[in-house]
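Take a look at the structure set out below.
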Amino acid sequence: PLITQKKHERHKNKKTKSHRDPTREMKQATKRPQEVVSTEEERPYKRSNMGTRSRSNRVSGNDDVEARPSQSSTAKRGLPQPTPDNIRSLELSPKTERALVAFCANDNTLEDSLPLALTDKPEPDHGAHQYIYQRQEYDEGMLVYSTSMVVDARTNDAMRSPFLLYNVGLTHLSRGKYQEARRWFQLALERLQLVSDNPQAAMAVVETYHNLGYCHYHLGDNKTAMRLYQEALALVREHGLGELQEAASLNCIAVLLFHNGMKEGRQEILTFFERVLAIYRAFKGVESAECATCLNNIGRLHYLNANYDMALNAYSQSLEIRRKVLGPMSIDVAATICNKGQTHHQQGELDQAMDCYKEFLKVAPARLGSKHRDIAVIFKCMAEIHHEKGDLDTARSMYEKALQAGRSALGNYHPDLASTLNKLGNLYYELEDLDTALRYYNEGLKVEKVTLDAHHPHIIVTLMNIAQIHRHRGNLAAALTKYREVHVLQLNANGPNSIEVATTLTNMGLIQHQIKSHAAAFESYQEALRIQRDHYKSDDHLEIASTLNSIGLVLFNQKVYELAKECFYDSLRIRKKLLGADHRDVAILWYNIATIYLETGEDDRAITYYEETLRVERKALGNSHCDVVLTLQHLGLVHQQRGELEKALVYFNEALSIERTRAGRSKTSVAKLLNLIGNIHLQQAEMTDMMKCYSEASRIYRDHGPHDTLVIAGYNFYGLRKLHPPCAPVA
């Protein structure tokens, strides 16, 4: 039928990052598959925000596996190595006290001894996929009390034991041994609670709560950390320990709330940070390191809320202070530069973003090593910029660097790796290297299935990208299989009435329509329509119009013309209401309705609606669009079938004139129009014009369309004489 020769509607990607737009009946495939995002708290560009990810990749059930410390001075002097288990009595023996003092002798402050990078590596399980966890600790203002408690002759006897235990915990903390530090801080807290009436005890308890909370935070137990910081804040307020101590506790609570990612609490978090900033400005000065850290935290919150101008303002203030206080080579300066770059990236300011990323890379590799997770993240961000600018070769190189660094830092199975693999798949899809694209998508899917929940949206998106490639290659059965996998996952994750299920059903319906499984396509589209109507609570929605049009196409192919026409008219009403009478999608409905009238023998009405199609297309698309050429061709065919050869010739010649000058034209489409015009001349006994058209069409077919050939209007004199009397004498 003529309807199958008409231009098809094109898929449109939704602007959400997790799901595709429902299939638009006969549209072309999207140019670029949907991108997959990382599992971190990231915005649409999938970029991590420095300082926000210290909690996100903890392997459930894995405690810190800590490096064995070097032999301490206590062992050299023959004193017992202190452990919480061998300190049971309330009072420390002189020998144990000397051991504790010796253990902490060289660790009076942590400010200069904290490691830049803290790496926790679980023991490799050779029977399973190895997962390497790596975290770079940027300053969030969480480690406030980093100085040892003084234990000397003036120290109250009741406080000596908890102070020493606290100092041992602080020493372990400085080495990144959070499990061990937590045990010592807990022991110190128990001792402090026994002497709670001592004037020195309140502040010591606050400091112990803080460092215990810090250990739990690093061990992934945010709930316990929050409780400890809240108890510290209550104690500060109860004993009036000062606004600086209150600011320290409020900042830690706000950082934990930030990492919990609850949208409804973000205004409260901002209030906390602003209160902290006001206190630090009053007591520490406006250019203090504490103010810079708080401003960086505020910037991260604005970034998460998509308030990018406010985020840039906070980051710029923080960066100015940090450069003065910490120096240009500080890793925290680099972190703020990176945050600033990601914000520029979100705003589409690609050159400013690239400058920030390059500046980050001047500092970070020397401090973190070249094979670090954050280096991989920035390589990926830089690749995205080259990708967005259309520099695909450079983008490919940067994605491959990101992949190499990520594998070195994180192992072969990590959500970040899956994100980079999927981006490489997208890039190769755009390069039309479908085999390589499919390979990267399959690699990404393998990683996602290991590291993510079975029904995670990223797995669904990757499966849809794979289905898209199979469909693009004409492997419709494989594409349908992948869409069915997606359908099952969505049913389990979201239930049978979710709009995501409707999206997948329309994709399945399109493929079933293409393989001529019309009954199955009809069922898929009907179920999608039911879900859409329940979801949108009204028929006046473009997705419903699209599904109605798809159902109409299926019914048309089943020759159920009256029902098909009703679907087309319903879709037309919705689109005219929502898009206006002169939109290209409205023209498609006019065309489909015209074709039904042509099939049912109502030529006059068919011509009327084809002419309306042509009017809308010219207004919406311009006179040189390929859709205009096709509609002119169909109008010519209708007039030719009616024997109105002069009118047919007018439409064919206009179509040929446009096609010869149209950018991106197909040589064979010119040949087909010449063939049609040659047939009209044959029917009119205009042999010279006929031969010109046939000869040119034949040459084009020979050079550009080896599988095409001329189609002549008649092959015997009798048939020509009966059908076209004017040409009989010449024939």
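Glycine residues also receive a Cβ, built from the backbone N, Cα and C atoms like all the rest.
Annotated compositional bias 'Basic residues' per TrEMBL: 1-18, in sequence order.
Under the heading region 'Disordered', TrEMBL lists 1-91.
The compositional bias 'Basic and acidic residues' annotation in TrEMBL covers 19-45.
TrEMBL lists 49-60 with the feature compositional bias 'Polar residues'.
Within the chain, the repeat 'TPR' (206-239) has long-range Cβ neighbours (under 8 A, six or more residues past its boundaries) at 54-55, 58, 63-64, 118, 142-145, 149, 162, 166, 169-170, 173, 178-179, 181-182, 185-186, 188-189, 192, 245-246, 248-250, 252-253, 256, 259-260. Residues or ranges marked as repeat 'TPR' in TrEMBL: 206-239 (among others).
According to TrEMBL, the repeat 'TPR' annotation covers 292-325 (among others). Sequence-distant neighbours of the repeat 'TPR' (292-325) (same chain, 6+ residues past either end, Cβ-Cβ under 8 Å): 41, 43, 49, 51-52, 139-141, 251, 254-255, 258, 266, 269-270, 273-274, 276-277, 280, 332-333, 335-337, 339-340, 342-344, 346-347.
Sorting the repeat 'TPR' (334-367) by DSSP state (H, G, I as helix; E, B as strand; all else coil) yields 31 helix, 0 strand, 3 coil. What TrEMBL lists as repeat 'TPR' is 334-367 (among others).
The feature repeat 'TPR' is assigned by TrEMBL to 418-451 (among others). Across the repeat 'TPR' (418-451), DSSP helix (H, G, I), strand (E, B) and coil residues number 31 helix, 0 strand, 3 coil.
The repeat 'TPR' annotation in TrEMBL covers 502-535 (among others).
The repeat 'TPR' feature in TrEMBL is assigned to 587-620 (among others). As a summary of secondary structure, the repeat 'TPR' (587-620) carries 31 helix, 0 strand, 3 coil according to DSSP.
What TrEMBL records for 629-662 (among others) is repeat 'TPR'. Residues 2, 5-7, 591, 598, 603, 606-607, 610-611, 613-614, 617, 623, 669-670, 673-674, 676-677, 679-680, 683-684 of the same chain sit 6 or more residues outside the repeat 'TPR' (629-662) yet have a Cβ under 8 Å from a Cβ within it.
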Summed over the repeat 'TPR' (292-325), the DSSP helix, strand and coil counts are 31 helix, 0 strand, 3 coil
Per DSSP, the repeat 'TPR' (206-239) contains 31 helix, 0 strand, 3 coil
Checked against DSSP, the composition of the repeat 'TPR' (502-535) is 31 helix, 0 strand, 3 coil
Counted with DSSP (H/G/I as helix, E/B as strand, rest coil), the repeat 'TPR' (629-662) has 30 helix, 0 strand, 4 coil
